[in-house]
Structures are given as structure tokens and as C-alpha cells.
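Listed features, source Swiss-Prot:
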- 6-188: domain 'tr-type G' (DOMAIN)
- 18, 19, 20, 21, 22, 23, 135, 136, 137, 138: GTP binding site (BINDING)
């Protein structure tokens, strides 16, 4: 089964969201005969419905293509289709480490975007050869010459011999295959007889086969019947089957050096298979591990609660199943006075949060409420200890805290000139510090340091609406810095609502509090008594709105008669309302929570 090393090419496709990399992958599969016409469907590698609908790739996928080149030789091309979105950058990093080259796909009508940059720099860090592919050249707006110049200016790689294609119509696809064979390097030397050393690229759960592990063999041979050992965790498993994706699962006898394939080994949980771990044979282990990956750290936290408390156990089961497939998603139980039992969940970013929420609602038919997203704060206590704060409601007494540190990010924004002023204003409003501003033709590239707290709220939506969708945004975490942060509580009828408490910067507290109170005033229905809605910092009220009471006309049955009769009825009503306000409970509808947390829509 084994293919000579110089006839193997391992490559990934790197691009910004929507520049057509999944479509290009479809064409490559079609042209090399991976699937026949009947089995072909659009974005064949995006296996989740949500991936296909949103037109984004979430999990990295792999395919083995067999291609007979124009020089008459047979080649094996292993393609890894990577996600383009910033939240899934860790999926990109591990996919790139399994390859020697990359196709950089750039939309010929739009040019280089912020995430193109981030992913290309990752590819360059992995010493990849890069073949530039200009896609969508059939569009009337395509400007291949301008985009080539832009690639050379911004990224600094030679684009003079870029392959011009249209993945949609299939134009130029064969040139891409030839470029892969001729320009990308074969895998570095691997020894079939050396002890087994393989990198764990990805893993996911299959209800029939257990955990399927995607591996890239470096030295030695992986075959059925071996007992393998994960060097990071020390766990041992017998290999049950080895195979490749074409993109259908096809079993093969063994996987040799340089090859990409999958194994199953009756592994029960994805958490047991750490991405970036080294797999070796238990009987004859390799000496040195591969330089490992950092496991992905959750960045954004929020509470997920079932709308109906009876769904709690179903939600627990559903989250367990998603965790099987997505080790970067973490959750633990929490309770809230307003929302009952639920979970505190950690995500890689806002898109990750949205996708998990949508998958829970879709695949498991659950109705959920999410609380306001928050980031991980570091608390330096007066007694010299340090704590991590995931949920603003758990914040200890202010007297015990010496200082609070919050995470900051380095953000790169690319935008047409026309929107530059508005975007800079937005960044300044969000306490941003400008680091750099460069021009590339008619587009500007700005680098800002921003507090993550200000970005998780609604920054991305605002950026897109200010720039009419033209600006693109990419970020990575830089460090923790001390900030003047305060906890803001929301009181409804003088009762604190824990699900709405948040940490905000002192300068923005009043504005944010007022906006939230106004929003709740619209959303909470009137009761028989008046309801005050207040935003408080410590003991100080910074904003207040009042929902007026519903009034029943108690004097309607008095026709004429003495005024004292009317007054008596009105006084009696007033007394009842006072008592009602004292003992009455304000029911906050679920919609009010959901809307109040989408503060960015005003």
C-alpha cells in the first residue's frame, strides 16, 4: 500500500472566510475521481449541516486524492481543508503542522483579508512552500493584477506565477494540481523501519466506531493489531483498523511515513486523544516526542440554561456528546436564582459560542438562554493570593480585591479607506490603543490593542455594520493588564438579577447601565404595581427606569354620588398596590433576558 515519499504531497488550503476554499476542494476531489458525480454535493467536506448552511468550515477535514500528473507519474495528494475563522485558529495550526505546503486561495475580486494574513503567517511559521491561487476570476469585478500586487506588498510572497482559477466553473483546476505536484515539496525523510512516530492531527466521535483519530505518520508503520501508546497521556490502545478518506472511509493495510490517514482503537472519549500528541508503538517506542501543541484555552465564558427546567438532564447529555467531538469546549454546572440550573461554558470565541448553541438547539431540540458572555479575569487579592473569575456573579467582596487584570488582544483590521474614520472611532470607544496604520492600495490595515471584554460584547457586529461588511477582523490574545473594572448589578423591583450582572470599565458603566435599564423597561410587561429597574455599582445606583403600573378604574361603578366614596375606593386601591409591591414577584420573561443580552442591536 505504501507510496514512495517523493510521490506524496501533503498540503492544506488557507483562505479567508468565503474565498472559496471548500468549493476548490470539491473540484479537486471531482477531477481526481474521489467521488462520482452522483455522490458529489456542494462543499462535500463540510459534514455538518450548520457548516454547509453558514458556508463556513468548522472542523478540519482530510482527503486522499490519487492524481496522474502530466509527466505520467502517479501521485498521492493529501488535502487538509482548514477552517478560516479566527475562533478556529487552533484547528488551522494543527492542520498546517501535518503538511509541507499550502495553497493560498485569494478572492480575485476582494483581495487579501485579515484572516488570510493570520493563516498565511502561520503557514510561513511552519516553513511551508506556498502556491498562490486566485479564485473567482470569472466574476466581472475580478482584478487579478491588482490582487497579485497586493499579495506581494502585504504578505511579501511572489505572486507573479499565481494560478488563476474559478472553482465554481472548474476553470484552471488542473493547473492547481500540476502546481501542487511541481512546486510543493514531498514529505521530509521518514524511515519505515524506525520505531513508530505519528502526530495526532484531529479526532472525532463516531457512534459506531468510537473515536476516529486522524494521524500523520512521520517514521515507522501504523497497522492493524499494533498496540499504540499516546505519549502525552500514557494511554494504550490496540489498533482496530487503519484507513484513508477519499473522502469516503476506505480501509488500508498500513500507513507508512509521510502518509495521512485514520485509525480506530476502541477509544471511548475524544478527551483521551489530545491533539498534537505523539503516537508510538508500545512495544518499541520512539525516543523523542514531537514538539507538542498547546491545548486550546477557552477565552469566552457564558452561562447556558434550558428555558424549561425539565430539559436540564437532556442538556447535560447533549453537552457531553458535543464535548466528545470538540475538546476545546468546556462546561461545569452552575445555578442561578433567576434561571435555575444550567451550565457555565467556556468557548474559543463568539462564533464558537454561537455554533455550539445552534448545534444544541438544532441537533438536540433544546430551547436555551445564554447569559452575557464574559472573559476570564484575574483577581489579585489583598492577602497576596490570585484567583480566576469566570462569572461576574461570583465576584468576591470589593474590599478583598487589590486589583483586577483583564485579557487584552492584538487586533488586525483591514478596511477600505472610506470607513477608516468610523472604525478608529469605534476602537477608541472600546478603549483601544492604536499600534500601527499602513496603507495597501485603497485598503488600510490598522493594528490595535483592545480589551477582550469590549470585543466579546458586540464589536464584530458593529464593525461589520459600520463598514457595510467590507472590513475584516482577526485577533490573538496578547497579555493581561490591570484595569479599573467594577461589577455592575441589575436590580428589578429592588431584587438583584444575577444573570444580568457584568464587569465593566468604570468609564463605561453609566452608559451601559442606562442602555440596559432602558431595554429592560421595554421588555418587562407592566404589572399591577410600579417596578423600578436599577443599575448599581456597589451601593451606588447609576441608572434607573420605572415601569408604570397597570390601572384598573375602580371608580367606574360610582355614578355621581359623593366624592368621599370615590376617594375611599382610590385609597383602598393605593393600599393594595403598596402591599402588592412589597410581596409581589416580578416575572422577567425569557425573551427579555435574551434581548437584554443582545445589547449590540440598539
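Keep in mind that glycine also has a Cβ here, set from the backbone N, Cα and C atoms.
Since we're looking at a predicted model, the values are computed, not measured.
Residue 135 (GTP binding site) carries a strand DSSP state (E or B). Mean pLDDT for the domain 'tr-type G' (6-188) in this predicted model: 73. Counting other C-beta atoms within 10 Å of each candidate's C-beta, the binding-site residues 22, 135 are led by 135.
Counting every protein chain shown, the number of other Cβ atoms lying within 10 Å of the Cβ of residue 137 (GTP binding site) is 20. Residue 20 (GTP binding site) counts 24 other C-beta atoms within 10 Å of its own C-beta, drawing on all protein chains shown.
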